[in-house]
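The structure appears right after this line, and notes come after that.
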């Protein structure tokens, strides 16, 4: 028979690490939706057919003395510290990871706070080194990750900002780079490809096309600068004349000089 959430919590306390796989805490949340006890909202959502609203949590149960009480950081009976960090808005209990509550995001973020700023247009907290250096897309954090199709805004996984402005979970971004280099939404290069383009320049120069293709040109569309240009066809890649990127797509048929038709 499966262990209850309370039994799981007590067992975790006895074994050392408290809480669940998601959070280190010494209390259980009483779900306002179904009155069941769970270590966290994620554990609840995995086991139920509805979601726990973190903002509506009113009560917690101490996993040490089992006292059911008003949500707070320390047990009113046995003084057990429920979490090194506690947010009275999100009802988040966890180890101290220098978290902070962002009023604009509406939830807690892992800090430190001074290393982040809230971009009002993207509607997301970003690292300060991206201030004025990222492409804004309105409410981009409210879109699901195009790789896993899961939520980004409230995810515990860090978001990665692509040069095009779109967001991916950092873990999804790392997996994507194993298969390709382009944003799955707009096909813009997801990282600086300059070094690879220079290598491709060398390969193209060292790989002449057969004589029947040497004067063939094609119209191309660049996925990086969105420019159009007409270039010589090459099987290894066709380089944008405007930004030198090889992240291009053929935009029309091949053109053969009249004297070769």
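Every residue number used here counts from 1 along the chain in the order it is shown.
Glycine is treated like the rest: Cβ placed from N, Cα and C.
Binding site for Zn(2+) 5 per Swiss-Prot: 102, 105, 118, plus 125 from the candidate set 90, 125.
Apart from 62, 65, 75, 78, the residues listed for Zn(2+) 3, the same chain places the Cβ atoms of 64, 66, 67, 76, 77, 79, 80 within 8 Å of the centroid of those Cβ atoms. Taking a C-beta cut-off of under 8 Å and a sequence gap of six or more, residue 102 (Zn(2+) 5 binding site) has these contacts in its own chain: 108, 109, 118, 125. Looking only at Cα atoms, residue 22 (Zn(2+) 1 binding site) sits nearest to 50 among the binding-site residues 50, 75, 136. Break the zinc finger (145-189) down by DSSP state and the numbers are 7 helix, 8 strand, 30 coil.
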